[in-house]
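S.K.: Below you will find the structure I want to go over with you.
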Amino acid sequence: MTVRVGINGFGRIGRNFYRALLAQQEHGIADVQVVAINDITDNSTLAYLLKFDSILGRLPHDVSLEEEDTIVVGSEKIKALAVREGPAALPWHAFGVDVVVESTGLFTNAAKAKGHLEAGAKKVIVSAPATDPDITIVFGVNDDKYDGSQNIISNASCTTNCLAPLAKVLHDQFGIVKGLMTTVHAYTQDQNLQDGPHSDLRRARAAALNVVPTSTGAAKAIGLVMPELKGKLDGYALRVPIPTGSVTDLTADLSKCVSVNEINAVFQDAAEGRLKGILKYVDAPIVSSDIVTDPHSSIFDSGLTKVIASQAKVVSWYDNEWGYSNRLVDLVGLVGKSL
């Protein structure tokens, strides 16, 4: 059965999700069709931003507008809505939408996201950490916990999708007692281009000119997908002046002494086995631009593994836009199978 999808919010993640879907469809992977999008931006601008992208380049499909309310991509027609009144006012029922990808960043609370269900959708996937969802899913870590009964599902954050596979492999093999993480993260739209007012005073400073320390909920969110690690991890983010391509550094106290070779071996086994497609193992001296458009959630850098007795430092890269968007496509596919 083809899963019919509506996208609420056609910004960076909404457009990256659609591009990732097209990429997977070219390989015959995703049986998913986007039938409608909702965004208050005018449709000509949405079509332009889909066609041209400063990171991903030009979309290899013709993009045009038809009758001002339909975006045509190749031979696919997508109804473009501009409903401002919230999820419950959207005409999902009229378009036969099965799954909504909620990517506005505004309706991350389950009580608000529930409006999509009231509007006729069967399931809602929030493309961010959510408040009180039925379940938070990180592929490769707890996707087996989805049983079809959950209606509001969070795809967690891009950083949690990178960190969780890292923590899982380390914990399953060696036992994490406690740990601290830092994500060196590309700037995002919740920062200022130039110095200006912001609720987070560090993020008030110019994103392209500064390394900006700020908070991340990724470490604490690990407890949502790995309850055995609840309260054992914490950390923060350093936003840096690049548009995408981030890296997570996890330092953990383990339950036993280990060696660099032992750690690298278990990560290589996981990347080639149960976490294939989610976790990638690299031994080359890569930098951030090398992982842009890599669809993996977590790209383990074996050359950066460090150990002192029972304390270990492990590092994984991630394209915070493209990797995350590919997991959104995967999650839509997983949820669609339960319909």
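Just so you know, glycine gets a Cβ as well, placed from its N, Cα and C.
According to Swiss-Prot, the record shows the following:
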type     : residues                                       : note
ACT_SITE : C158                                           : active site, nucleophile
BINDING  : R12, I13, D39, R84, S127, N320                 : NAD(+) binding site
BINDING  : S157, C158, T159, T188, R203, T216, G217, R239 : D-glyceraldehyde 3-phosphate binding site
SITE     : H185                                           : site 'Activates thiol group during catalysis'
S.K.: If I take the alpha carbons of I13 (NAD(+) binding site) and the residue listed as 'active site, nucleophile', what is the distance between them in whole Å?
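M.R.: So the alpha carbons of I13 (NAD(+) binding site) and the residue listed as 'active site, nucleophile' sit roughly 11 Å from each other.
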S.K.: For T159 (D-glyceraldehyde 3-phosphate binding site), which of the three DSSP-derived states applies: helix, strand, or coil?
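M.R.: It is helical.
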S.K.: Listed D-glyceraldehyde 3-phosphate-binding residues S157, C158, T159, T188, R203, T216, G217, R239 - what's their greatest C-alpha to C-alpha distance in Å?
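M.R.: Largest pairwise Cα separation, rounded: 19 Å.
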S.K.: Which Cβ among the binding-site residues (S157, N320) has the fewest C-beta neighbours inside 10 Å?
M.R.: S157
S.K.: Any idea what the Cα distance is from N320 (NAD(+) binding site) over to G217 (D-glyceraldehyde 3-phosphate binding site), rounded to a whole Å?
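M.R.: Rounded to a whole number, the Cα-Cα distance is 15 Å.
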S.K.: Based on Cα distances to R239 (D-glyceraldehyde 3-phosphate binding site), point out the closest of the binding-site residues R12, R84, S127.
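M.R.: So, of the listed binding-site residues, the one sitting closest to R239 (D-glyceraldehyde 3-phosphate binding site) is R12.
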S.K.: What is the separation, in Å, between the Cα atoms of C158 (active site, nucleophile) and R203 (D-glyceraldehyde 3-phosphate binding site)?
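M.R.: Given the Cα positions, C158 (active site, nucleophile) is 19 Å from R203 (D-glyceraldehyde 3-phosphate binding site).
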